[in-house]
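Notes for the one structure printed next.
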Amino acid sequence: MSNEAYQHDHTVNPHQKIVVNSYDWLQFRDEQDHCKSKNPITHASPGVGSNAQNSDIAEAPQVFHPSYQSLVNVPSESPRPDQTSGSNPAVGLLHNAEDKASGQEEEGSQYEIQYSVFRPLHAYPTKGLAYEQLRRKEEQEQRENFNHLVSDCIEAVETFGRELERIQTGSSGSYFVYGTRADESVPVGVFKPKDEEPYGPFSPKWTKWAHRTFFPCLFGRSCLIPNLGYICESAASLLDRRLETHLVPYTDTASIESFNFYDNRKKWVLGYNLQKKKQKKLGSFQLFLKEYINADEFFHKYPLPGMYSDVKHSFHRKSSGEDINHKPETTRNLTDETEPSKQINSSPISTESEENSKFEWTESSLSQFRLELEKLIILDYIMRNTDRGLDNWMVKLIKLSNNKWRLKLAAIDNGLSFPWKHPDEWRLYPYGWLYLPLQLLAKPFSEQMRSHFLPILTSTNWWEESYQEFLALFSRDQDFNVRMWKKQWAVLKGQAFNVVETLKDPRQGPLELVRRTRCQVIDEKMQVPCCPPPVSIFKNAIDEPIGSYSTSPMVLPSTPSTIPFHAHNQSNSNPVYYDSTLHPFANKTVIAERLQIVNSTPVFTWC
């Protein structure tokens, strides 16, 4: 059997293994499906060409292997010409707008989950309507403030000439963005153009250029969709808001003009002083984090207990201001309850300020850090971040009034997330937080995290709303593909399924989560009645005897009758009429989730 025929139904057969396929191969399959969908009357086998259909010679029957895309499109209704999808003004005009709008409407107009693999628990009920309304109001305020800030930055570039400043570190072309305030020396945002991503065509980093030029076979990540990092940055922020983890700075797509964008002409004309060209680029705009430092720098100043073998931590009794009886449950789980509350002193390390030098790892600070880390672990796992190290998540120390400290984490550089398949070729891309001390990871998830995430991830309404929002976000890209989007969504839901199953067991933690079998949750479309038939139909069918007026009682008349039967048996005086000619086959398309195990594994699991 050929490779193409083998791949036709690999997402339909639940017992078949997921094989390695390339992004180019899927694009070729999409072109074939698109050509077939243009002629809804002709139904031919995949191996039969147009010449064979028009020929008078009878062809031998061939086995038809329907693809998953063709199966899900059978019950779908074609969109009306007067319906169009909304467009983001920051993105601008999109190519193939008509085909894309119709595909988006078909996929997102009706997304109702009839059967879900995310079974809710009675011990963790979902949030009420009042809480959801408050969350929507806060999110609307955040969106308005973000749009106002982006407009202010665009005005600063166009009116006041405050150009963007390229960030020298990192593997992509990223720029600091400033506002209109002249006294503001700190940037207000970070802009990452689409074409200057790590694997983009105009990345200004020479290391990526060398990879693309001299090592094309090892360049890029096959599990990610090319040039979609700016959408993934925004999607990570959307997922953060949907999960209410508050780790990712607000991020969305925007278009900005600047003279400092990377100009591809400079690498061809060396030694010639070219005049800067003003370019308008599309990318992701992320709010700048103030007073945050990278995690690797933070741990260099304040190493965690057990992080370095040459750093000794001595235990002392807690200060008199702390009361162990009022310690939260999550804090007691992180320490030994048989021992009195203790303080962990870090090694003397030079700091930038006297205030920061007073910070010491205590049981309270370790508990706060553990809670923030658990949120980061679940967020990274669900969106399957393939580039999480100690250099792209940040820590902030907040000094409280009672000589205590508060720790806050933030997740940045999320562009290499949301893969369309699990890594299954060369590298596994493990999470960077797995290299933290074992005493932080080898503990179960806290009850606070279980009570927070389980009601969200087991809510059918939450998944239906999330699908609509993520579909609207990913469809902003001009190369948006419904087939690839379904694969991304299946991987995300499979990761969330593992999170739910891990949180259901109070004995499991981060280490058990990453050891779980990889899976996907595929959305299968099915037709069900829009509403159950009226009770009067069943009652009439049971009570009405077969009449003797017809020569063939089993043959129904051609014109359905609208005369009420047994109206005198009804409790009310109004007879019940039912006309079967109105919507005789009123069905709707719903989603039935199906769990599929991923058996393929990459070669190297440590990098």
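Note: Cβ is positioned from N, Cα and C throughout, glycine not excepted.
Taking Swiss-Prot as the reference, the stretch among 73-93, 556-576 described by the feature region 'Disordered' is residues 73-93. Away from its own ends, the region 'Activation loop' (411-431) comes close to residues 18, 20-21, 23, 170, 172, 190, 192, 197-198, 218, 221-225, 228-230, 232-233, 235-237, 240, 247-249, 284, 286, 289, 376-377, 379-381, 383-388, 392-394, 484, 487-488, 491-492, 514, 518, 520, 598, 600-607 of its chain (Cβ-Cβ under 8 Å, at least six residues beyond either end). Note: the region 'Activation loop' (411-431) comprises 0 helix, 2 strand, 19 coil (DSSP; helix = H, G, I, strand = E, B). For the region 'Catalytic loop' (384-392), the DSSP-based tally of helix, strand and coil residues reads 0 helix, 0 strand, 9 coil.
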